[in-house]
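Colleague: Starting off with a structure, shown below.
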Amino acid sequence: MSLALIAALPFLGALLPGLMIRAGRTACAVSTGAVTALALLLLGLNAPAVLRGEVVQTRIEWLPQLGLNANFMLDGLGLLFAGLILGIGLLIILYARFYLAKADPMGQFYTYLMLFQGAMLGIVLSDNILLLLVFWELTSLSSFLLIGYWKHLPEGRQGARMALTVTGAGGLALIGGMLILGNIAGSYDLSVILTQKVAIQSSDWYLPALLLILLGCFTKSAQFPFHFWLPHAMAAPTPVSAYLHSATMVKAGLFLMARLWPVLAGTPEWFYIVATTGLVTMLLGAKIALFKHDLKALLAFSTVSQLGLITMLLGFGTKAAATVAVFHIINHATFKAALFMTAGIVDHEAHTRDIRRLGGLRVLMPVTFAIATLAALSMAGIPPLNGFLSKELMLEEAAHTVWWQNPWLVGVLATIGALFSVAYSFRFVAHVFLGPMRDDYPHRPHDPGFGLWAAPALLAGLVVLIGLAPMATAAWLVDAAAGAVTGAAVEVKISHWHGLEPAALWMSLAAIGGGLMLLGLFAPLSRLWEGTPRPEAKRIFDGLVEPLATLSRRITDALHDGAVTRYFAIATLAILAAGVWAFVSGTHQQGDHALTPVALVPAAGWALLMVTTCAIVALHRQRLLVLILVGVVGLMVSVGFAYLSAPDLALTQISVEVATVILLLLALNYLPKTTPAESGGARRLRDGVIATLAGLGAGGLIYALMTRDFAFDTIAAYHLANAKTEGGGTNVVNVILVDFRGYDTFGEITVLGIAALVIYALTESILRPGPANDRLRLWKAESQDAGDRHPLMLVVATRLILPLAIMVGVFIFLRGHNLPGGGFIAGLVVAIALVMQYMASGFEWTAARQKIDYHALIASGVLVAAATGIGAWFNGLPFMTSAYGYVTLWPLETFELATAALFDLGVFLTVLGAVMLSLASLSRIALRAGETVNLAPYDIDPAAGRTVKEEAR
């Protein structure tokens, strides 16, 4: 369970910032960092086994029939990426504490950050590709929130939308590719898929799967031609850029390519698609980076280039190249995160990121200058820093790679890419920190406090440490990760000197010398660059997206205009068309079963039901009358359920009817008695025809089903046979709700709780100052001055009934697993009893005595139900699998106890909370409108000479 806990901790930790922010910004950061540190500690406890070559696994069944299980796997590759996600994440939490302004909502930032961290951990630890896809989409959503964190900036909102659009579209392609891959392999578990190389590469579906998967990877990792979203995401706060665009989000695509490398690599298709895309991206990103004047834009395009470099190495398809790719992932994460943070420090202190307005900062910001210099030199590949080691190994691999029978082209192009990286890296230092000091800085800069430069300083220290002692600090991790990628044992040898023979030495020298020359010619080259017309990615993106957005708006406006009847008409006609097609193309005639004779009383009941339904349609404008008729229909349906031997449904229906009628009566109190005549004759004729056809179709289908034999066992037979043996209950309906279909019920109570919260939010908005509140204050209900609003007999009766009703509710709840009843019905019974108190004594009198937080009641119910389902995991069973046994308590007899009862308790609490919150929300409107509290004689305390109402106040 430790791997599942590592992935779950950030999601749980996302709840802390919002709570701890009240204790101060430091407490908020510390609590967030503590969760990340705990996850890092758990990862460290699993690291020794991984470094010994073992694969740590956690398997939790979720939906095994669909192949969707919460399986997690930790090998060398997962250890590397999880370490980067948590390690650099911890530094980002520290950095953000001192970077964000006082006006920035820090709790919100840390919440978004933890959600993203959890999604990334889910990707790198998942052993099930369906689960991986869920986390993949979560990274897109959470990164959208982070990039658009500064909501007041249009650039931030546009950058977030662009990132979500591109990566989201790639995610859709990835879903298709992964499903094809799982279908080929016969399993959705990665540990199984990674053993099916021959089957996958020999399949006719290999190329479609490869293209779709690579499309998802390329969009996420900003590979050409999808690179344009990354620079526009730089509108995010610097901590976001340092985290997402150095070590996490943009490396998700690289991770997936590395994870699937054992089964997808080694083919010509892989080589030419992946290596070529990476090479083009490396060159394009490096060239653009050199001429960018915004610090973060320069680093963004340099990131694009470096990601292209790693993609190219993975595309080469050799074990040596894959090993170098893993090594450069480590190095790039360290120096690029440090560079983003130093750029943020410069922006924070100088109030600008424009390189043209900077220069000479080495004197004013010596600490920042030292950190930036070390990180930039590493990015340039200057010895003895870590970037030099992986860059030289990259050049060596490029020198020995043949592309279309050309043995030198890849090496030359890789050298050109390295040359540009030297130039933009040196420009970052020279044009910002070197040169004379200026007198026109937007703000007089200086080195920040320790809290702001501690994180980049630590990363700069790692840059030096790995560079000086690579075998002691990084080789062991590279061996483990590369072994997981290549599927073979790896023992990498990393050193600074390989003699004069390797081509990489001369290629590296050419890159350094050429980069310095390029920087020396920067001024004329920059003027040439500025004067050269080139396509703008944002304009192209907007040109593609805006027409689609306009078309979608038009379609939405045409179909979703707020006319509910139109929605029903379209849906009903679609269903009818499908039904007619099925009826014509199949055999759906009447079966051989004899018809059951119908007695006179039930027939009269059905006739009354139909007549009442037609009356509702005819009198629909008379709201109160229609509501009474709706209650009659509900009562008749309840009687019908009872007649057909469905007591659970009868109890549920009649309870729902009572609660619904009460709530609707409250709502109707604020509406006119009649509705306007909004439907013309043609519209009523259309609706009547559609309704008639739908009724005939549904009736015909039911008639055909009930008169035919089935060639297979129905689901009813399964439930009847297994309710007791597997669910521990004899009430089949209740066992279905809380066991067999417990997941459905869990979703339903969640929706019910959300609906109640929406009612609360809508009524709360009405009570706030504004036009709606003014109209409410001036409005006067007809019943406001009525003397019999709260009859004394009703007051006395309801207060006597309340304890009895609660006892009945408890009784119905306890018997529900074996006899008609259950949590849903019990919740409605207790809610109705409480509602009667409001009806009899008024809102204020009742609320002063029922100090119940209905929000907490709803949350408790959903959490209890969820905890019951999750508890099955600890027994190695799928989610929502119940267990039961027999317990003997002296002097009572032995009785049965099922975990489904706890789930039913969650249903009970949610239903009770939802009904009461809805009632309380509507009742508060009445109180705001001037309704007065009802006072009975015994509400007055003679000794005190004041009312209980006054005491409550």
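Every residue gets a Cβ built from N, Cα and C, even glycine.
Feature annotation from TrEMBL assigns domain 'NADH-Ubiquinone oxidoreductase (complex I) chain 5 N-terminal' to 65-109. Taken from TrEMBL, the feature domain 'NADH:quinone oxidoreductase/Mrp antiporter transmembrane' applies to 126-409. If you look up TrEMBL, you'll see 608-673 marked as domain 'MrpA C-terminal/MbhD'. Feature annotation from TrEMBL assigns domain 'MrpA C-terminal/MbhE' to 683-765. As annotated by TrEMBL, domain 'Na+/H+ antiporter MnhB subunit-related protein' applies to 794-916. The transmembrane segment feature in TrEMBL is assigned to 109-125, 162-185, 242-264, 367-388, 450-469, 503-525, 563-584, 624-644, 650-668, 749-770, 791-814, 894-919 (among others).
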Colleague: Six or more residues beyond either end and a Cβ under 8 Å away: which residues meet both conditions relative to the transmembrane segment (162-185)?
Modeller: 67, 129-130, 132-133, 136-137, 139-141, 143-144, 147, 192-193, 196, 199-200, 203, 205-206, 208-220, 226, 228-230, 232-233, 256, 260, 538, 541, 545
Colleague: Where DSSP helix means H, G or I and strand means E or B, what are the helix, strand and coil counts for the domain 'MrpA C-terminal/MbhD' (608-673)?
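Modeller: Across the domain 'MrpA C-terminal/MbhD' (608-673), the residues distribute as 54 helix, 1 strand, 11 coil.
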Colleague: With pairs 6 or more apart in sequence, are the transmembrane segment (450-469) and the transmembrane segment (367-388) linked by at least 3 Cβ pairs under 8 Å?
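Modeller: Between the transmembrane segment (367-388) and the transmembrane segment (450-469), which are separate recorded stretches, there is contact, as judged by 3 or more close Cβ pairs.
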Colleague: For the domain 'NADH-Ubiquinone oxidoreductase (complex I) chain 5 N-terminal' (65-109), what does DSSP give as the number of helix, strand and coil residues?
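Modeller: Split by secondary structure, the domain 'NADH-Ubiquinone oxidoreductase (complex I) chain 5 N-terminal' (65-109) comes out as 30 helix, 7 strand, 8 coil.
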Colleague: Six or more residues beyond either end and a Cβ under 8 Å away: which residues meet both conditions relative to the transmembrane segment (242-264)?
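Modeller: For the transmembrane segment (242-264), the nonlocal Cβ contacts are 77, 81, 84-85, 88-89, 92, 95, 113, 116-117, 120, 123-124, 132, 136, 139, 143, 146-147, 174, 181, 190, 193-194, 196-197, 200-201, 210, 213-214, 216-223, 230, 233-234, 236, 270, 274, 299-300, 303, 307, 310-311, 314, 322, 325-326, 329, 332-333, 336-337, 340-341, 344, 485-487.
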Colleague: What else in the chain is close to the transmembrane segment (367-388), if you only count residues 6 or more beyond its ends and a Cβ gap under 8 Å?
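Modeller: That would be 302, 306, 330-332, 334-336, 338-339, 342, 345-346, 349, 361, 418, 421-422, 425-426, 428-429, 432-433, 447-448, 453, 456-457, 459-460, 462-464, 466-468, 470, 474, 496, 508, 511-512, 515.
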Colleague: With Cβ distances under 8 Å as the criterion, find the stretch in 503-525, 791-814, 894-919 that has the most pairs with the transmembrane segment (650-668).
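Modeller: Stretch with maximum Cβ contacts: 894-919.
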Colleague: For the domain 'MrpA C-terminal/MbhE' (683-765), name the stretch out of 126-409, 608-673, 794-916 with the most CB-CB pairs under 8 Å.
Modeller: 794-916
Colleague: Give me the stretch from 503-525, 563-584, 791-814 with the greatest number of Cβ pairs under 8 Å to the transmembrane segment (894-919).
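Modeller: By the under-8 Å Cβ criterion, the transmembrane segment (894-919) pairs most with 791-814.
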Colleague: For the domain 'MrpA C-terminal/MbhD' (608-673), what's the mean pLDDT in this predicted model?
Modeller: 82
Colleague: What are the DSSP helix/strand/coil residue counts across the domain 'Na+/H+ antiporter MnhB subunit-related protein' (794-916)?
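Modeller: Across the domain 'Na+/H+ antiporter MnhB subunit-related protein' (794-916), DSSP assigns the residues as follows: 87 helix, 10 strand, 26 coil.
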